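Only one structure is covered here, and it is reproduced in the block below.
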Amino acid sequence: MQKTFFIIKPDAVKRHLIGQVLDRIERRGFVIERMEMLMLDEERLKEHYAQLADKPFFPSISEFMMSGPAVIGIMSGPGVIKSWRDMMGATNPGDAAPGTIRGDFATAPDGDMIPNIVHGSDSEESAAREIKIWFGE
């Protein structure tokens with residue numbers, strides 16, 4: 001069974017959208033194997049976003065991701081990585097179609113891709129790496 005890592009980001013937590021996001025996951029038939037609400041830390045964020053850690057905009061990402069609690073988790077199901085990415089919608093909320101999580105809930109100004117409600121691994125390799133970073137598995 002395929003697994004993926006997800007984050008319900010601080011903007012969604014602040015707006016009380018956790019239940020609505022989880023409802024969509026469960027209605028799709030995916031199994032939430034692990035889940036935890038926590039304050040994300042800079043050390044693991046640098047590891048998670050390793051390809052961005054030396055970019056000039058990384059401090060903005062880090063500051064946002066540490067601005068409040070987030071929900072991290074592991075879900076599983078057939079084709080969960082692609083399906084979850086489709087459910088999330090385009091990374092830029094302004095490009096996200098209605099019916100996707102970002103299209104329905106994201107309120108970031110067009111072009112601001114940081115507060116975009118959710119994160120999901122983009123490949124099996126990324127999922128394994130992100131699960132190890134956040135859950136030690």
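Backbone N, Cα and C define each Cβ position, glycine as well.
Listed features, source Swiss-Prot:
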- Lys9, Phe57, Arg85, Thr91, Arg102: ATP binding site (BINDING)
- His119: active site, pros-phosphohistidine intermediate (ACT_SITE)
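Location within the structure of each feature annotated in Swiss-Prot.
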residue : record                                          : CB count, 10 Å
Lys9    : ATP binding site                                : 26
Phe57   : ATP binding site                                : 10
Arg85   : ATP binding site                                : 18
Thr91   : ATP binding site                                : 14
Arg102  : ATP binding site                                : 24
His119  : active site, pros-phosphohistidine intermediate : 20
Between Lys9 (ATP binding site) and His119 (active site, pros-phosphohistidine intermediate), how far is it from one CA atom to the other, in Å?
-> 7
Find the longest CA to CA distance in the recorded ATP-binding set Lys9, Phe57, Arg85, Thr91, Arg102; express it in Å as a whole number.
-> 23
Within 10 Å of the residue listed as 'active site, pros-phosphohistidine intermediate' (Cα-Cα), which of the binding-site residues Phe57, Arg85, Thr91?
-> Arg85, Thr91
